2 protein chains.
Amino acid sequence: MELLKGIDVANAINEKLIKESADMGGRVPKLAIIRVGERPDDMSYERGATKKMEKVGFACESFVFPETIENEAFQKEFDTINDNPEIDGILLLRPLPKHLDEEAVVGRISPEKDLDGISPVNLAKVFAGDKTGFAPCTAEAVVEMLDFAGIDVTGKRVTVVGRSLVIGKPVSMLLLKKNATVTICHTKTKDMKEECRRADILVAAAGVAKMITAEYVGKGAVVIDVGINVDNNGKLCGDVDTDGISSLASVATPVPGGVGSVTTSVLAKHLLQAAKENR
Amino acid sequence: MELLKGIDVANAINEKLIKESADMGGRVPKLAIIRVGERPDDMSYERGATKKMEKVGFACESFVFPETIENEAFQKEFDTINDNPEIDGILLLRPLPKHLDEEAVVGRISPEKDLDGISPVNLAKVFAGDKTGFAPCTAEAVVEMLDFAGIDVTGKRVTVVGRSLVIGKPVSMLLLKKNATVTICHTKTKDMKEECRRADILVAAAGVAKMITAEYVGKGAVVIDVGINVDNNGKLCGDVDTDGISSLASVATPVPGGVGSVTTSVLAKHLLQAAKENR
């Protein structure tokens with residue numbers, strides 16, 4: 001089994017971005033990260049995104065609000081950022097605290113700044129297979145990894161485990177657009193093992209630590225692990241028991257160091273695209 | 001094999017609508033049908049929709065424009081209809097002639113009047129599994145037929161042949177929402193027969209006359225035919241060779257007289273929903 005590492009994919013994207021951004025005429029693409037409260041997950045993603053923007057030479061500003069901010073005040077702050085022409089793209093760390101109206105923000109974020117594809121306009125474009133929109137970064141990172149590894153998905157059986165609007169559904173649509181035959185599985189699926197085992201490419205986005213064992217993997221399958229979980233020993237792990245499937249899969253992505261490492265590079269790619277449109 | 005006829009499903013929906021609309025306080029839901037040119041398909045659907053609205057006691061007005069109408073003039077006419085508070089819902093017959101900017105219309109139609117689910121807001125809702133939006137009527141008609149027949153799709157293998165934004169993709173999302181395990185096939189799928197044969201429920205929306213023969217159908221499968229084609233003898237037919245599969249399928253829908261007959265009832269259902277919101 002070949003281990004497909006995110007760092008290699010990310011580096012390839014980064015290099016391309018640095019080249020492509022050279023002709024921006026000195027205008028540096030700028031990302032706004034919006035965070036409410038101090039959730040460790042959010043802060044970790046924020047650090048990763050900030051570092052990635054630095055790496056490719058893009059600007060990044062964090063707008064951090066206390067968890068106690070009132071809804072009206074937050075909506076106003078959001079509009080100011082959303083309307084600021086200096087800001088090319090926005091990353092909103094979600095979920096927001098429950099007292100804040102997240103739906104209102106999602107409905108109002110400018111589609112052309114909506115780098116993580118949360119607005120209805122971008123969701124509809126992903127659904128339609130219209131590439132002018134922004135797909136959720138993690139979903140697109142899966143596609144970037146397959147592309148980098150030279151895996152053509154045309155006509156292949158892809159099984160996606162998970163049907164969230166952030167990963168399962170958009171990655172299904174992106175791979176369908178690339179002519180894969182896509183099966184979407186979830187907790188209500190009967191005989192999940194069989195559905196997974198027949199896949200040429202298995203995308204695990206269930207959010208269940210190491211649920212994908214050898215019984216779920218067909219000989220020679222490509223296994224992309226989108227899960228980020230903590231195992232019984234408090235260690236970060238994916239949805240895939242990578243050691244357990246190593247004699248079956250032809251290619252697998254590790255966690256950590258897999259899809260997650262590519263996500264912020266896709267974010268940077270989206271930022272450059274937004275900045276070019278915004279010029 | 002049991003033949004699941006559209007008329008029975010449509011009648012059940014119609015009856016419900018007549019009851020439910022009784023409490024509208026004399027306000028009659030009103031549909032606007034927008035047609036450009038004289039395409040026989042459009043005119044046939046327009047007649048069907050008009051008759052259906054009459055049947056359930058709803059109002060219906062056709063706005064017909066010559067095929068030669070200029071884009072600017074058409075967009076203006078569209079806005080007038082779209083902004084008219086007397087009109088609760090709109091059915092735009094598509095595709096529009098090529099010189100008209102269909103994308104602009106789709107982007108501007110009020111989501112709450114967009115009965116056939118063409119606007120980004122409604123597409124995004126269908127994608128998200130948010131039932132407050134309008135799904136394309138034909139896709140929802142498939143679900144209505146399964147519901148009427150008492151077929152629970154939970155955990156079942158559903159294979160959808162076709163990935164259009166009008167049927168294949170939305171029907172996949174609607175059935176996924178109902179907990180089916182959905183596989184989306186298309187022209188690039190390898191071994192289409194195998195993908196179809198393993199389905200508990202097969203939805204044929206390929207637009208190819210009688211392509212689904214016995215080789216595509218597993219023992220006991222439910223086969224829903226969404227195709228509307230013309231066969232070699234000039235006769236209307238579906239995507240399914242209904243005679244050929246009769247010893248295999250447990251249930252199948254005929255064409256004509258199947259899903260198509262339910263579509264306008266779903267349109268009427270959406271109109272009532274829109275009118276209630278519009279009060």
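Each Cβ is built from the backbone N, Cα and C atoms, and glycine gets one as well.
What TrEMBL records for this protein:
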BINDING   A:Gly162, A:Arg163, A:Ser164, A:Ile228  NADP(+) binding site
DOMAIN    A:4-116  domain 'Tetrahydrofolate dehydrogenase/cyclohydrolase catalytic'
DOMAIN    A:136-278  domain 'Tetrahydrofolate dehydrogenase/cyclohydrolase NAD(P)-binding'
Of all listed binding-site residues, namely A:Gly162, A:Arg163, A:Ser164, A:Ile228, those lying near chain B with CB under 8 A: A:Arg163
Same-chain residues at least 6 apart in sequence whose Cβ lies under 8 Å from A:Arg163 (NADP(+) binding site): A:Lys169, A:Ile184, A:Cys185, A:His186
Winner by Cβ contact number (other Cβ atoms within 10 Å) across the binding-site residues A:Gly162, A:Ser164, A:Ile228: A:Gly162
